[in-house]
Amino acid sequence: MQQGTLMRKVKSKSWKKQRYFKLQDDCMTIWYQSKRTGKTESAFSISDVETVREGHQSEVLQSLAEEFPPERCFTIVFYGRRGNLDLIAGSAEEAQCWVQGLRQLIEPRSFPLTSALVSRTWIRDWFQKADKNKDGRMNFKEVQRLLKMMNVDMNEDHAMRLFQAADKSESGTLEGEEFVLFYKALTQREEVLSLFQDFSEDGKKLTLLELVDFLQQEQLEDEGTEELAMELIDKYEPSETARARHALSADGFLMYLCSPEGSIFDPRHRALWQDMSQPLCHYFISSSHNTYLIEDQIRGQSSIEGYIRALKRGCRCLEVDCWDGPNGEPMVYHGHTFTSKIPFREVVSTLGKYAFKPSDPIPAEGGAGPQQCRVPGDSESHGGAGHAKVPPAPSPTLQELKHKILLKGKKIGRLEDTLDGPGDEAPDVSDDDNGAEAEEERRRAKVDGTQHRPALQKDKESLAQALSDCVVYCKSVSFRGFQEARSHSRPSEISSLAEAKARKLIRDAGNEFVRHNAWQLTRIYPSGMRTDSSNYSPQEMWNVGCQIVALNFQTAGAEMDLCDGLFSQNGRCGYVLKPSFMRDEESLFNPSDPESREGAGPTTLTIRVISGQQLPKVANSKDGAVIDPLVRVEIHGVPADQARQETKYIENNGFNPRWDETLQFQLQVPELALVRFVVEDYDKTSRNDFVGQFTLAFPNIKPGYRHIHLLSKDGTSIPPSSLFVHIRITE
């Protein structure tokens, strides 16, 4: 890779250009040279790469399958919303060299700041950026430039003192280890050192018992504290001598505080920790709207990438809008718009590859015309998506549905006919109440005649029996009120409501909505007016127990932060068990009256925002600009709990700002609350700029001294940026 390789970069069937790709000596960046112009520029940084896919695993490479064999093709997938990079190597060996090499390089970054490696590569990266004349040394002027790049606006005298202290060779420049010394002095964490000294008798180490005291008194660890203390010393103490004496140095203490065990997110809740043996309607389900779109709703691009990204994010309910296409092949796109189209076959084959990697059952919505719906259903190669397997119980548990795909759609006849064999009853086609969307489609169906009518709006004669038979546990029915549902509906049925209709029901009949969702599934989808793919707040829908709250996954923002925050627990499986008072069909709970919740009284959440570490610069900011950071803490929950408070801003310091401010919140229904930490760059003349955020469900918060590892706008980690806080929870 460091010698360089000539490969084809491809963007479409016709756009294929030769580029010379080369891994730089720092093993952190890839540069490329255009064969035609000879111009060299940075292609990407290793830290931007999420994964590498081998073979024809992108739409572009699939379209070139006949021209280039899979063993020469690979796709580099980047974090966030940056487009993939499709490459074709000259030989299978060259492709393997890059695939395996890139995988090796991206492997160590499992958690920000757990290993010295992240810090080392980070330091090295900065050193090379600032070493203007590339002589491997740094003079004071270059150091000042580096500080600006790193978001530090430091007094010149103080910077000079640090520089001289690190310049052991007295050469007037820093090289190698001297720069590491300078960096260590720069990143000295006074607030952590003083906490360390509060518990250390000699100020140099924590003995095993002193560490146990800290874990019990401050971190509120209550079980097996001595074993935990031993584990932490073994894992995070860099000095072998200290490890042998069962002691933790100040460096080891900081390593622990920056690790997953020192995170605000309870590590026990990262794994699958909830009861998975309850009925499907007892869980919140990570759900996406128009999954195939990666841009807006009118002219945006449809892409299988939308499905891959959603599934990798833990999404469990996907939307597949199937329409009649040419040559008897159904197509997936947003009907009656100018969005591009993808073959249904490609979507199902993608589900076969990605659906069950992170998790288990997966509801999907959609359908095609009566002839075309048989095309996918008859093919065994589609990962079982066309064949409904019927689990044993009439209201199956999540565990029983493991590795099954449920289709939500219209159905001829009753569910019992599918479970017990056909009955004598005349076929009755259920209807999907998609509010404004359905009305629009019905209106257009009349205008367009039969050729492009969406399958799910067709009349009973033209709904294919084969498609109907695939719908078992998610039969679409119109919502005609809670009373009607109670007397005529079944747990196997599901209604879809537009966000406005759902809001009205929440306002007028909150408790009835909670009870309804204790035994039947409800899907909420965005208003048809959101043509820009913006999102509504999912929180108000979760407050009444709606399970399938569909969001536009392609649009970053607070709404997707809440979604990622709720579903980042429980092994990221995409299912979160609802609180017990929302699983009871006789529940008295109403989100607008928090006292209707049975259980303990209100909970007080006290957060001391202590400091920030190496906060990123604002995107597209001017060279030399340094941020003025402030921290806002938002509570998203029932209306009585909705709140936000913020710290003052710190002028010109994104590197190690200190706030030492306490924020306090009263939570009436903590079980439903999500806590969002947002860092912004204060601007007195215009809106503050977003810097980073982290969102988690209140039950996953760990008390004590904790680090919050910040995420970018699109939910990817930005090591080593973090906040240091102290959390207290009192009932």
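Note: Cβ is positioned from N, Cα and C throughout, glycine not excepted.
Remember, TrEMBL labels are computer predictions, not curated facts.
According to TrEMBL, the protein has these features:
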DOMAIN    1-107  domain 'PH'
DOMAIN    118-153  domain 'EF-hand'
DOMAIN    154-189  domain 'EF-hand'
REGION    361-397  region 'Disordered'
REGION    413-458  region 'Disordered'
COMPBIAS  418-439  compositional bias 'Acidic residues'
COMPBIAS  440-458  compositional bias 'Basic and acidic residues'
DOMAIN    467-583  domain 'PI-PLC Y-box'
DOMAIN    583-712  domain 'C2'
> To what whole number does the mean pLDDT across the domain 'EF-hand' (154-189) round?
Replying inline: 83
>> Within the domain 'PI-PLC Y-box' (467-583), count helix residues (DSSP H, G, I), strand residues (E, B) and coil residues, in that order.
In response: 49 helix, 21 strand, 47 coil
>> For a three-state summary based on DSSP, what are the helix, strand and coil counts in the domain 'PH' (1-107)?
In response: 26 helix, 42 strand, 39 coil
